[in-house]
Amino acid sequence: MPNWELKNCCDHDQKLFIAFVGVYTVVILLLWRTFLLTPFKLITVFLHEASHAIACLLTCGKVEGIQVHGNEGGVTQTRGGIYWVILPAGYLGSSFWGMALILASTNILTARIAAGCFLAALVIVLFVAKNWTLRGLCIGFIIFIAVIWLLQEKTKVHILRYVILFIGVMNSLFSVYDIYDDLISRRVNSSDAEKFAEVCPCPCNGFGWGVIWGMISFVFLCASLYLGLVILS
């Protein structure tokens, strides 16, 4: 039975999990404005746009193209689908994928599955990418994940779980920051939240939806840490 109450926490694996999340968080914050994190920030943008695309396809729409730009912006061109489902899927979807990657890192089997799904998504998006920034990002991370996976299987350098965990932590932190920066601290009229406020009958403006989405993203982040400890207990 799952140890929901986290009795006798924390054993070696749980302490290691907490330590790596803590170290990754500190490293990410220290390097936040450096070029070293740019590829990982763009991967978060990639997952944001991919989430829009998935929501479009699940609501019977068509994805006509995806772009990710070097300034950490992105665009997903869709036709049809349910607009009020597609709009929040970007921010909330990238937060969800961050949580999923963190949880997947708790076990080597699930880390392999996550890496495989990640590679498949990169290959698929490579064929619908509309600009060379996104194509280069896809190719670069396909090579990066493939090399890490090869090292995991063929050598004693077993770091696949920790790479998946880093991408998950980076994605979760950047998703929360992105919501705050785009939707709360400054009002962008063309933002997903402002557009959502226009189509949603609820009496809530873009700022309000930004706060709500930010809270949900923060819940995803906290849930990933709690559920990770439960899985490892």
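Easy rule for this one: first residue shown is 1, then count along the chain.
The backbone N, Cα and C atoms fix where each Cβ goes, and this holds for glycine too.
Annotations in TrEMBL come from automatic prediction, not curation.
Keep in mind the model is a prediction, meaning the values are calculated, not measured.
TrEMBL annotations:
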- 16-35: transmembrane segment (TRANSMEM)
- 81-102: transmembrane segment (TRANSMEM)
- 109-128: transmembrane segment (TRANSMEM)
- 134-152: transmembrane segment (TRANSMEM)
- 159-180: transmembrane segment (TRANSMEM)
- 211-232: transmembrane segment (TRANSMEM)
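Same-chain neighbours of the transmembrane segment (81-102): 21, 44, 47-52, 54-62, 114, 118, 164-165, 167-176, 178-179, 183, 192, 195-196, 199-200, 209, 213, 216-217, 220-221, 223-225, 227-228, counting only residues six or more beyond its ends whose CB sits under 8 Å from a CB of the stretch. Stretch with the largest number of CB pairs closer than 8 A to the transmembrane segment (159-180), among 16-35, 109-128, 134-152, 211-232: 211-232. Residues of the same chain lying 6 or more positions beyond the ends of the transmembrane segment (109-128) and with a Cβ under 8 Å from any Cβ of it are 46, 50, 53, 63, 65-66, 100-101, 103, 134-135, 138-139, 141-142, 145-146, 148-149, 160-161, 164, 167.
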